[in-house]
Each structure stands twice: as structure tokens, then as C-alpha cells.
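According to Swiss-Prot, the feature topological domain 'Cytoplasmic' maps to 1-13, 81-85, 134-158, 209-257, 325-335, 388-396, 451-473, an assignment based on sequence analysis. The topological domain 'Periplasmic' feature in Swiss-Prot is assigned to 35-59, 107-112, 180-187, 279-303, 357-366, 418-429. As annotated by Swiss-Prot, transmembrane segment applies to 14-34, 60-80, 86-106, 113-133, 159-179, 188-208, 258-278, 304-324, 336-356, 367-387, 397-417, 430-450.
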Amino acid sequence: MSSESSQGLVTRLALIAAIGGLLFGYDSAVIAAIGTPVDIHFIAPRHLSATAAASLSGMVVVAVLVGCVTGSLLSGWIGIRFGRRGGLLMSSICFVAAGFGAALTEKLFGTGGSALQIFCFFRFLAGLGIGVVSTLTPTYIAEIAPPDKRGQMVSGQQMAIVTGALTGYIFTWLLAHFGSIDWVNASGWCWSPASEGLIGIAFLLLLLTAPDTPHWLVMKGRHSEASKILARLEPQADPNLTIQKIKAGFDKAMDKSSAGLFAFGITVVFAGVSVAAFQQLVGINAVLYYAPQMFQNLGFGADTALLQTISIGVVNFIFTMIASRVVDRFGRKPLLIWGALGMAAMMAVLGCCFWFKVGGVLPLASVLLYIAVFGMSWGPVCWVVLSEMFPSSIKGAAMPIAVTGQWLANILVNFLFKVADGSPALNQTFNHGFSYLVFAALSILGGLIVARFVPETKGRSLDEIEEMWRSQK
């Protein structure tokens, strides 16, 4: 088989796996699209107080995030027990059920009684699927990609996420222009979760054509199958020699099996969890989820909120695409460090714009530059580093812990952002700018941790990275 066809196979498998990331991003747009209709159909009929209604409305987002945490915690066991591909298949089923279930909840169960709880259950299933793909998609891609292309391919996870989000924003915009706003709020909104279910079906069908990874097959003793796949993925290499290297890594780790998660020391786990958590602690989802509110606080009209959100999605898409081209040229560590410093600068500028009530172009430019820097650094590079830095023998345990830390940081950031942004005492002084100044400080802290604890993995095989951690223990 020619090298071109082997490269085509690797690319095809990476693209199939990356659909999980597409669904990840698409669901964030679904969250934005269904907010008002859910309030109208499932909460307003209950005639609650404003505070109680707001709390109940928040359950929909919380249900997704709880599902994300649960999925990421289970993904390690699922990936080991059923394989990376098997776990992705399960996630695709979650997306299908979640999408069509949420779209049909009102028709099947009405709006009263337990209808909202049923709707939240389907949103929980969506989160479950997101939690699994956020771990197993980069793992799958890293284990089928050659070392010199691995960074670019794994960064496709973030590329897929931002593509999914942008696609969802545009789909929501098209829905709003297809009919009146009354039609969207009455029934048109159902197409947002239903479209997610359709993408889930495509994901499921394509996964049925994909094999599992050689690393997992070797782990399960299925060397013959691993050899056949390696011969297709790397026709220039000796598959038996590659299997021996993979198996040697597992065997060395088994000698330290009593140490479990910390078989290679605590530093590798701390570094991985830190990279995952700081991807959220820099404030990206506070900016993305609350962009309309942020722009209104800056003095922009509410009628431009959707277009501003799309502009953020476009910038994120463009610069994430650039990152996928340069991550293997400049390395992971420099992009993370300089990205942290760039985000810190932009958050500091934005916070000061709020603080000193500076409107116009400067705050808008700082937001878009922040998104651009994130898209070129922590957005995609986080997934590259997480997929590479953990030795194979502990990846099944360490990767879910890191991703769970990421989701917990996401919940923490969003909760505290709402508290701080609504605090009269803080706003009297900082005028909604306090949170952004905190994000600036956290960005600097994240960069310092990367500089001290995260190794450069560019150009190294997974076995070489494992040996590096073993020698440093």
C-alpha cells in the first residue's frame, strides 16, 4: 500500500474521530439557541417567582455540565474496557438520543409535570457524550497518527469544536431568518437539538467503518489485529517492532502497577490536570457563553448580539485553523506560554475598559484579539499536550482526571463569573471589569506552570515521552 493511501487512511480516521469535537462545539450553540424557548415552554407555565424561574432555567445548563463531568470520569474505564472506538460509538448514541429526545420532549410529554426533568435528562445525555469525546477523541487520534503529524491532527479536535460552534451559530441565525421569532420560539427551536441528533447519526455510521487503535489492541493482547492496522497506518515501518515497543511500554508500567496513577510520579499528573484546568480558568467560556451580556455591558445594542457572537466564532475558527498548521513547527510549550501572556494582556485591557468606562473599538478589539490568541494557543494545543504527555499505561486513568478537572474548572468559572458580574459592591468599583482582571492574573499563572512543569513533546514518539517521564521520576 502506498504512503499516500496510508496518509489518506490516517486523515480519514482522524476526521471521523473529530466529528466528536464537532458535536462538542455544536452543542454549545444549541445551549444558546434553546434558552428562551425552554423558558417559554417549560418554565413560564409554572408561574414561579423570577428568582425561582432563573434557578430552574439554570438546571438546563447544569444538566449538560454534570453530564460532561460524568462522561469524562467514565471515559477512562470505557476506553480501556470497550476501546477508544467503542467509547466513541457509545457517545454517538448519546448524541442521537439527546438531540431527538430534547426536540420531541414537548410533543411526547407536554410542558407540565415531569417534562422539564425529562428534557434535562436528554441534555444530561448530551453532556455525557461530550465528556466521553473530550477524552477519547484526542486519545484515538494521537494513537493512530505518526509522530510528525500528531500535533496537527490532534489540534483538529479544537478545530472541530470551533467549527461545530460556528456551524451552530449560523444554523441558529438561519432559523431566526427562516421564519418569525414567534415561530422559532413556538416550534422552530426544536430543529437545533434535532440537527445535533442528525450529526450524531452520521458520526455513528462513520465510526462503524473505523478500526480501534493499535495501542488498545496491543493492550488487549490482540497483536494480529494491531499488526494489520499498523501495516496500513505505517507501511514503511515494521509492525512487529512497533508492537514490541508498545508492549514494552505497557510491561514497564506493569512493573510499577502498585503505584497506579502515579507510576511515573506526581509531576506528569499535576502538569496534565493544570493544562486542562487552565484552558478554562483563563476565562474562555465566560467570554463565549456570556458574549451578548458582555457586549451589552459595554454599551452595544441587544439587536447586534447574534452577529457579534458569530464574529467571535469566525475569529476563533480562523486562528484555530492557523494553529493546526504551526503547532508542529513552533512546538507546544512556546505556544502555551506566549498564548498565556497574550490572553493576560487582552483580559487586562478589557477589564480596564470596563473599570474606566472606555467604550468603542478598544474593548471590542481586545475581545477579538483574546479569542484569536486563545484559538492559536490554549484552545487546540491543550488537547495536543494532553493526548501526548501521559504514558500509555496511565493514560486511561490520567486523561479522564485531567478532563474532569477541566469541566469542574468550567463550572467554577461560569458560576463565579455570574456571582462577580452581578455583585453591586464589585460593580460599584470595577463596573463589571473585575472578572476579566482575575482572568488576566490566572492566565499569567497558567503560563508560569507550563514553563516550570510541562515538557516539550514536539517530534517525540509516545514511547519516547513515556521514557522521559520514567527517567525523571
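We number each residue from 1, going along the chain as drawn.
Positions of Cβ are set from backbone N, Cα and C atoms, glycine also.
Between the transmembrane segment (60-80) and the transmembrane segment (113-133), the number of CB pairs under 8 angstroms, six or more residues apart, is three or more, so the stretches are in contact. Residues 61, 65, 68-69, 72-77, 79, 131, 134-135, 139, 260-261, 268-269, 272-273, 275-281, 283, 285-286, 289-290, 386, 390, 435 of the same chain, all 6+ positions outside the transmembrane segment (397-417), place their C-beta atoms under 8 angstroms from a C-beta of that stretch.
Counting same-chain residues at least six beyond the ends of the transmembrane segment (258-278), those with a Cβ under 8 angstroms from any Cβ of the stretch are 336, 340, 378, 382, 385-386, 389-391, 393-394, 397-399, 401-403, 405-406, 408-409, 442-443, 445-446, 449-450, 453-455, 466, 469-470, 472-473. Annotation: stretch 86-106 has the most Cβ pairs under 8 Å to the transmembrane segment (113-133), among 86-106, 336-356, 430-450.
In the predicted model, the topological domain 'Cytoplasmic' (325-335) has a mean pLDDT of 85. Within its own chain, the topological domain 'Cytoplasmic' (134-158) has Cβ neighbours under 8 Å at 10-11, 13-15, 17-18, 20-21, 24, 68, 71-72, 75-76, 78-79, 84-85, 87-88, 91, 213-216, 233-234, 320, 323-325, 327-328, 332, 375, 379-384, 386-388, 395, 399-400, 403, 406-407, 458-462, counting only residues six or more beyond its boundaries. Contact between the transmembrane segment (14-34) and the transmembrane segment (188-208) is supported: at least 3 Cβ pairs lie under 8 Å, counting only residues 6 or more apart in sequence. The transmembrane segment (159-179) and the transmembrane segment (86-106) are not in contact, since fewer than 3 Cβ pairs between them lie under 8 Å (pairs 6 or more apart in sequence).
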